[in-house]
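A.B. asks: From TrEMBL, for reference:
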- 44-161: domain 'MTTase N-terminal' (DOMAIN)
- CYS53, CYS88, CYS122: [4Fe-4S] cluster 1 binding site (BINDING)
- 184-414: domain 'Radical SAM core' (DOMAIN)
- CYS198, CYS202, CYS205: [4Fe-4S] cluster 2 binding site (BINDING)
- 417-480: domain 'TRAM' (DOMAIN)
Amino acid sequence: MDTTNLDINLSDNIPEDETGRQYYYIEKARLYVQELSQRIGRPLTFCVTTFGCQMNARDSEKLRGILKEIGYLEAEEETADFVIYNTCTVRENANTRVYGRLGQLKPRKKQNPYMMIGLCGCMMQEPEVIEKLKKSYSFVDIIFGTHNIFKFAELIVQRFSSGKPVIDIWEGTDAIVEDLPNQRKYSFKSGINIMFGCNNFCSYCIVPYVRGRERSREPQAILREIRRLADDGVVEIMLLGQNVNSYGKTLDHPVTFAELLTEIEKIDKIKRIRFMTSHPKDLSDELIEVMSRSTKICRHLHLPVQSGSSRILQKMNRRYTKEQYLELTEKIRKAVPGISLTTDIIVGFPGETEEDFQETLDLVRKVRYDSAFTFIYSRRTGTPAANMEDQVPEDVVKNRFQRLLKEVQDIASEVCAVHEGTTQEALVESLSEHDPSMVTGRLSNNLLVHFPGGEELIGKLVPVYLKECKGFYYLGELAG
Ligand code: SAH
Ligand code: SF4
Ligand code: F3S
């Protein structure tokens with residue numbers, strides 16, 4: 001696509017503050033999109049596809065916000081002129097999927113001269129990936145990483161004005177750029193970044209390398225954003241960070257996560273507060289206390305354990321033992337009765353023996369999780385675990401994985417059944433995917449309930465009688 005002959009003037013005064021600078025580029029990009037749309041006689045469209053965690057989902061909302069401001073219309077990936085993949089690299093299979101999908105885009109780009117492809121997110125922070133893309137996927141138009149996502153509009157302008165592919169990857173940043181556009185997926189609930197990066201360096205994990213060092217946002221900026229969301233109809237918020245329990249420690253005026261929660265609770269229109277993820281080593285008594293008093297913090301805690309073997313936990317650099325973890329969960333259950341506990345577990349970490357694995361099964365039976373995400377260990381280049389001896393053979397790992405999955409699922413369906421016959425508040429999120437005469441609501445404990453109802457209920461908090469537990473969700477009916 002030749003855009004270099006478009007008559008867009010880029011030599012005006014560019015604002016110096018980063019937010020102002022990006023709004024300047026949003027304006028410029030809008031002119032390009034306008035001219036192009038006129039030339040081809042139809043609007044240009046985009047699709048952002050997200051891989052990975054809630055952090056990436058939130059970043060994608062920012063990308064979407066900028067694209068809408070620029071004048072792109074949202075469309076399905078199959079027809080979009082601008083396809084963006086926001087990538088994840090936490091496990092190898094996330095990478096494989098991106099390469100596969102890119103391969104499928106190539107012929108489409110040949111057919112559509114106005115098509116652009118953008119890649120961003122965690123995978124782009126790996127130098128080997130960039131090398132591979134340069135060599136075998138040179139048809140990609142814009143590549144950027146996790147640290148400069150706020151520059152999206154500027155990079156689009158650069159692509160248009162130069163007519164050449166743009167690759168811009170930063171190794172790290174201290175910058176947190178506030179107040180840029182974003183386009184929420186749901187009108188009534190939203191994620192909010194409270195911190196970026198991670199300092200924990202669990203030995204298997206690539207996140208600290210691709211997301212950089214831990215940085216907390218100023219509490220005033222977070223509260224301002226939440227108030228604005230609340231005025232815009234949001235009733236449920238999810239505070240996001242790789243380790244929210246260490247929020248605020250590095251600020252000039254340190255603030256604890258529990259203090260932040262207490263301030264957020266005072267915002268009237270916010271009815272539900274969730275957060276993710278909690279590292280067990282940093283979960284304070286102060287936080288448990290705030291949770292036990294709160295009427296807004298949801299009765300759900302995601303507390304990744306990773307393994308039930310203290311020996312493996314040490315090799316993972318998690319900095320707690322099986323016993324400490326069990327003590328912590330007991331303390332939480334005592335302080336917040338009925339709380340739902342969920343977790344992440346890795347199977348097949350280097351050196352994991354059958355005895356270690358039995359410790360994990362034992363822990364799962366003791367805690368009785370409401371649900372657990374189970375992962376097969378994936379070797380990530382550059383992490384300490386990748387070079388450890390005794391990588392566990394694939395067939396052994398698969399066998400353990402299946403046994404763990406069965407245990408986790410059996411327990412989860414028993415735990416779920418406990419609430420059968422009670423009435424609980426649900427936030428209605430959508431029409432049911434399987435039956436349009438039903439809606440789907442989320443309970444405080446994060447489980448879903450499907451019940452008869454129409455579109456008018458979406459975004460409302462309503463009491464629902466939980467008639468029947470179906471293993472991982474309920475069938476219910478509106479109460480009262
Ligand atoms: N910050 C969060 C987790 C982010 S990654 C925390 O510490 O809890 C989400 C999950 O992916 C992790 O909890 C872990 O279970 C899993 N994971 C991370 N690296 C992995 C790897 N190399 N192989 C398999 N699973 C991994
Ligand atoms: Fe990865 Fe550990 Fe940081 Fe979580 S706390 S992102 S598992 S290094
Ligand atoms: Fe994946 Fe990056 Fe999240 S590696 S899990 S998208 S922080």
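Cβ atoms are placed via backbone N, Cα and C, with glycine included.
Because TrEMBL annotations are produced automatically, they should be read as predictions rather than curated entries.
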A.B. asks: Enumerate in sequence order the binding-site residues CYS53, CYS88, CYS122 whose Cβ-atom distance to ligand 2 is under 6 angstroms.
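C.D. replies: Result: none.
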A.B. asks: Neighbours of the [4Fe-4S] cluster 1 site CYS53, CYS88, CYS122: Cβ within 8 Å of the Cβ centroid, same chain, sequence order.
C.D. replies: PHE51, GLY52, MET55, ASN56, THR87, THR89, VAL90, ALA94, GLY121, MET123, VAL207, VAL210
A.B. asks: Do you know which of the binding-site residues CYS122, CYS198, CYS202, CYS205 end up with C-beta under 6 Å from ligand 3?
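C.D. replies: If the test is a Cβ under 6 Å from any atom of ligand 3, the answer is CYS122.
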A.B. asks: Near ligand 1, which of the binding-site residues CYS88, CYS122, CYS205 have CB less than 6 Å from any of its atoms?
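C.D. replies: CYS205, in sequence order.
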A.B. asks: Among the binding-site residues CYS53, CYS88, CYS198, CYS202, CYS205, which residue has the fewest other Cβ atoms within 10 Å of its own Cβ?
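C.D. replies: Comparing Cβ neighbours within 10 Å for the binding-site residues CYS53, CYS88, CYS198, CYS202, CYS205, CYS53 has the fewest.
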A.B. asks: Quick one: what's DSSP say for CYS122 ([4Fe-4S] cluster 1 binding site), helix, strand or coil?
C.D. replies: helix
A.B. asks: Please spell out the DSSP helix, strand and coil residue counts for the domain 'MTTase N-terminal' (44-161).
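C.D. replies: Helix/strand/coil tally for the domain 'MTTase N-terminal' (44-161): 64 helix, 23 strand, 31 coil.
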A.B. asks: Sort out the sequence-distant neighbours of CYS122 ([4Fe-4S] cluster 1 binding site) for me: same chain, 6+ apart, CB within less than 8 Å of its CB, listed by position.
C.D. replies: GLY52, ASN56, THR87, CYS88, THR89, VAL90, THR146, ILE206, VAL207, VAL210, ARG211
A.B. asks: Neighbours of the [4Fe-4S] cluster 2 site CYS198, CYS202, CYS205: Cβ within 8 Å of the Cβ centroid, same chain, sequence order.
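C.D. replies: Result: ASN200, PHE201, TYR204, ILE206, VAL207, PRO208, GLN242.
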